[in-house]
Amino acid sequence: MTTPTDRILDGKALASKMQDALQQKIAKLQPQIGRQPGLAVLMVGDNPASAAYVGGKEKACAKVGIRSFGQHFPTDVSQEKLTAIIHELNADDRVDGILVQLPLPDGFDSVALLHEIAPHKDVDGLHALNLGKLVRGEPGLQSCTPAGVMRLLSEYKLDVRGKHAVVVGRSILVGKPLALMLLAADATVTIAHSRTPDLAAVCRQADILVAAVGRTQMISAEMVKPGAVVIDVGINRLTDPTTGKSRLVGDVDFEPVKEVASWITPVPGGVGAMTVTMLLENTVWSYANTHGLV
Ligand SMILES: Nc1nc(=O)c2c([nH]1)NC[C@@H]1CN(c3ccc(C(=O)N[C@@H](CCC(=O)O)C(=O)O)cc3)C=[N+]21
């Protein structure tokens with residue numbers, strides 16, 4: 001029962017291919033529209049993981065030709081000030097997408113803030129209007145990480161229709177929207193979580209198993225049906241106590257699970273690598289859509 005090791009869903013390669021295509025698309029649209037697409041990322045505080053993500057987003061923007069309007073605030077910035085900044089960005093014609101880097105430090109009402117973003121600039125797909133469209137199965141801006149998972153599955157022509165997808169995790173950023181996207185693609189969807197009894201038995205039913213919990217080694221080989229497609233959304237940073245070096249691992253016990261699964265995403269280089277690219281896609285979609293060029 002061996003699995004060819006090339007059964008890896010290579011998010012990094014797909015992201016790079018998509019970024020090349022985006023770069024060309026922007027180069028074509030820019031003379032018609034008369035400006036670059038623009039993305040504003042708001043970050044509060046100095047969480048090192050957030051700073052790294054924001055840096056990655058700005059680098060990717062520069063690479064494809066999106067102008068960054070990054071703003072970094074100290075933790076004592078007020079909710080009112082952030083709201084006012086969002087209103088300015090809503091009215092700023094150079095800005096196609098607005099993203100509030102999450103999580104915000106304690107004391108901020110992030111949902112209230114997300115709802116100040118003009119829905120057509122909500123490139124994170126977290127505004128109630130965009131989430132509502134997703135529930136209804138209408139087109140709209142969709143959350144980047146789950147959209148990246150769907151794109152990976154379609155790129156590798158892995159059929160979702162009629163398959164049993166088990167999503168472990170029910171966050172508003174990943175688990176819930178991904179379950180809805182899988183449902184829209186005609187999967188039979190189960191959402192499992194920390195209160196699900198006999199999680200292993202539920203996972204073993206999955207043709208497509210998604211781990212989006214944020215806990216290392218959450219998914220062991222015994223929880224995976226042979227031949228299942230395993231999608232690892234977890235991003236956990238582990239520090240080696242002897243070397244002090246840190247590395248990223250997912251929620252899946254990769255080596256043993258890879259022997260059971262038909263296809264599997266690595267961490268890093270899998271879903272996470274797709275997330276930023278979907279953000280760029282959403283920004284360019286909003287840019288083109290504003291000018292009737294979608
Ligand atoms: N409003 C908001 N929207 C988000 O989409 C959002 C957020 N807040 N807060 C934090 C999470 C996390 N996130 C990732 C982005 C890039 C990688 C990524 O590039 N990962 C690479 C490697 C990164 C590395 O090596 O450090 C990979 O997995 O291959 C991962 C995770 C977006 N998030």
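Just so it is clear, glycine is given a Cβ too, placed from its N, Cα and C backbone atoms.
Annotated domain 'Tetrahydrofolate dehydrogenase/cyclohydrolase catalytic' per TrEMBL: 9-124, in sequence order. Regional average pLDDT for the domain 'Tetrahydrofolate dehydrogenase/cyclohydrolase catalytic' (9-124) in the model is 97.
Per TrEMBL, the feature domain 'Tetrahydrofolate dehydrogenase/cyclohydrolase NAD(P)-binding' maps to 143-288.
For Gly169, Arg170, Ser171, Ile235, the entry in TrEMBL reads NADP(+) binding site. Sequence-distant contacts of Arg170 (NADP(+) binding site), defined as residues of its own chain at least six apart whose C-beta falls under 8 angstroms from its C-beta, comprise Lys176, Ile191, His193.
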Subject >> Spatial neighbours of Gly169 (NADP(+) binding site) that are distant in sequence (at least 6 apart) but have CB under 8 A >> reply: Gly175, His193, Val210, Ala211, Ala212, Val213, Gly214, Val233
Original post:
Taking the Cβ of Ile235 (NADP(+) binding site) as the centre, how many other Cβ atoms fall within a 10 Å radius?
Top reply: 20
Original post:
So for Ser171 (NADP(+) binding site), how many other CB atoms are inside 10 Å of its CB?
Top reply: 16
Subject >> Listed binding-site residues adjacent to ligand 1, that is, members of Gly169, Arg170, Ser171, Ile235 whose C-beta is under 6 A away >> reply: Ile235
